[in-house]
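Student: Sharing a structure below in structure tokens format, with a few things to ask.
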Amino acid sequence: MSELYVVFKVDDGEYVLQAADVLQMESFGGATKVPGTPPYVAGLIHIRGRVVPVIDVRRRFGLSSIEPTLDSRVIVVQSGERTVGLLVDSAREIMRIPPEGLQAPPAWMGGDGAGFVRSVAHVERGPGEKRLVMLVNFEKIIGQEGIYGDERNG
Amino acid sequence: MGNAFDASEFLAGFLVEAEEHLSASTTNLLAVETSLRKGENNPRAVRELFRSLHTIKGLSAMVGIEPIVDVAHAMETVLRKADRAAGALSTNAFEALLAGLRAIGERVRALSTSAPVAPAPPQLLDALAALEITQDASPATVELVLDAGLSAKLSATEKAQLLQGAESGRRALRVDFVPSPARAAEGTTITSVRERIGAFAEIVKVVPLSIPASDTAPGGLAFALLVLTDATNEALAAAAATQPEHVQVLHTRRVDGADPLAEPEAAEEDVGEGRKRGIVRVEVARLDDALERLSALVITRFRLARAVDALAAQGVNVGELGEIVKGYGRQVRDLRGAIMRARMVPVAELLDRVPLIVRGLSRATKKPVRVVIDAGKAELDKAVADRVFPAIVHLIRNAVDHAIESPAERRRLGKPEEGLVRVTCFERSTNQLELGISDDGRGIDREAVAHRASRPVPADDAGLLDLITLPGLTTLDHATKTSGRGLGMDIVKRAVVELGGELSLGTTPGAGTTFTLCIPLTITIVDAFSFVCGEQTFVAPVAAIEEVVEVVPEALVRGPSRHTRFGEVRFMERRGEIVPLVNLASVFSLASREEPKALVVRRNGAALAFGIQRMVGQQEVVIRPLEDPLVKVTGVSGSTDLGDGRPTLVLDLVALSGALSQNRTEVPV
């Protein structure tokens, strides 16, 4: 059974996330900076009564940040107990990818050791035209692995 | 602080206690009304009411709030009479007492907002005093109602016995037993009935009566048992093998205007009993203090874990130690849960006052309205409860006032004349409560609202909600008596959002509207200063700040080796003490380094001043903890919403000063 994915753009790359993990997508009107956080943390936003940290995916991927545009989106993703927003250049497409369409990423892709790309897929763009989308490793992006594994439960 | 007598602290105590007694009084008065509708007395509720008012009077006298003393005194007098008359209260008396409770409530609320307290309304005092006179004029509050045949068969002593029993608060009842061979075969005879009833009632007399012979009464004989009891009609009827409807009350009062068929929902409202047993009243501040201390334990746990990890990294076998640290972590978590639970109040208790509010609104609007409350066993943090209640009241007001149609209109629409307001509540997930306020009224008209707001017609209910929560919008041309003023929908929305909750709406034209409030079960509220630093607004708890001072640049002293990773350290003199000053914007790597003001904090006896751009104000804020590890940084304890819809950071400057002093590495200039 093929699964639904949300497609988003960062710089020239097209990435996908499992739609089941996406809570909502919002346009981006700025975030409250939190001093002392890594540079890729864009800050905090309110979404439907919740305070959610937002990661600037450009900065996270080692690219330079850009001024938010009308296309900029925050994709709010839930992973376990954490809810984090990803600030991306645009996000407006949903697609189906059959499981067999996903394959391991080639070497050197996804920031090498960082492993931000979990797998890649070739999907039809139009008749006879294919494009490559990258399934991101959300846990890796939000830095799931902490120094003290159960810190958040203290 | 340090004063031997702090009036404001005393007043806080008074307010808490007065609110509690008012809430209990409301419950008891409602219980009285429920009984009244059944044609019964409720001496116990009357006595409780008397006690509560007596306490309110005493407390108010101590803090010198004369208007409350006056009203409570007048009410107390009425209740004392009623108590002596075994709990007898007329409908008029009930209404006057209700008005009295309202008057006291208004004055207590005025006190809590430091508003002037209005004098006792003279009409109210007159009305209460008038009740007293009527009762004085007719000292015989109870009269026996016996049919002539029966009356003739009773002696004067027996009648007096019934009368006295009724006056002392028990009920004088007649229940008929019709013997038959079939019943005798089941072992039910006048002897066994006598025994059964005797177990819970005082039998004054058993009168044999001759009745027309029928299938059920083949002998043409019945026994009328005249009893005094506290037991229910049901129990009595069961013992006499008959139906509860066949139990007759033998004395006056309550029977006037009572509808024997009315089966009021109010029975469910009689929940005050027993709930207060074994309860200790604790100031929320003390629980906060306990939580504060607990957070020190949490830090210790992290340090332990880190030390164990370090040992493990050196190749030490930490097996058991690791287990102990884990177990300790669990215990700390449980303890935190236990303290949080201590702050919870049952939602049912919060909603106690709702039936009374609906009753008042129903009267004011002349629309009969039934209220159904289903709060289950859900509990809510006291601080959240206090903040969300006004929003609930407002939504109920709107429902009765605007949504529910007039009885005539409802009849025309084929709806039951009596409108329905339903308040429901359940725990949605681990830390969220869903409160629903629905009515079966006319629904909200999208076009009308859009027209009113001069906006396009919204496509869905969410869009409609955005419209009706616009500041200042009202869908009625004329402000009505009950909900034309006070909170607007914008304030309801804001109250919910400030709590970190969410308001949603579902409405069907002609069928009704439901507002749903999703709110967190617990929150932390503090009094905080808001200020600007590096062009960004922050808040910091007032309690953590020792002083706000002016920074006089010429008076600052710079010492040698003053450059640190977080900027330059200067020193200022403050009442003989030398206090280091750091620029908060430079600590946070923010652009603007202006610092005409500074906030002084103290940690372990050492003062530190943080230079800031300007002070903005002081207000109570709801702190939402920042739980995500991405934004867990020293010095930032949470976030809040100052009303602009954006998160504002709550700073813990004491913790920040600790981190800075441990981290005071000097850097070359």
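Every residue gets a Cβ built from N, Cα and C, even glycine.
Annotations in TrEMBL come from automatic prediction, not curation.
The annotation domain 'HPt' is assigned in TrEMBL to B:3-111. Taken from TrEMBL, the feature phosphohistidine applies to B:His54. Annotated domain 'Histidine kinase' per TrEMBL: B:330-523, in sequence order. Taken from TrEMBL, the feature domain 'CheW-like' covers B:525-662.
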Student: What are the DSSP helix, strand and coil residue counts for the domain 'HPt' (B:3-111)?
Tutor: 93 helix, 0 strand, 16 coil
Student: Just jot down the residues in the same chain as B:His54 (phosphohistidine), at least 6 apart in sequence, with C-beta under 8 A of its C-beta; none if empty.
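Tutor: Residues satisfying the criterion: B:Ala72, B:Glu76.
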Student: Using DSSP, how many residues in the domain 'CheW-like' (B:525-662) fall into helix, strand and coil?
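Tutor: Here the numbers are 23 helix, 73 strand, 42 coil.
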Student: Can you check how the pLDDT averages out over the domain 'CheW-like' (B:525-662)?
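Tutor: Mean pLDDT for the domain 'CheW-like' (B:525-662): 87.
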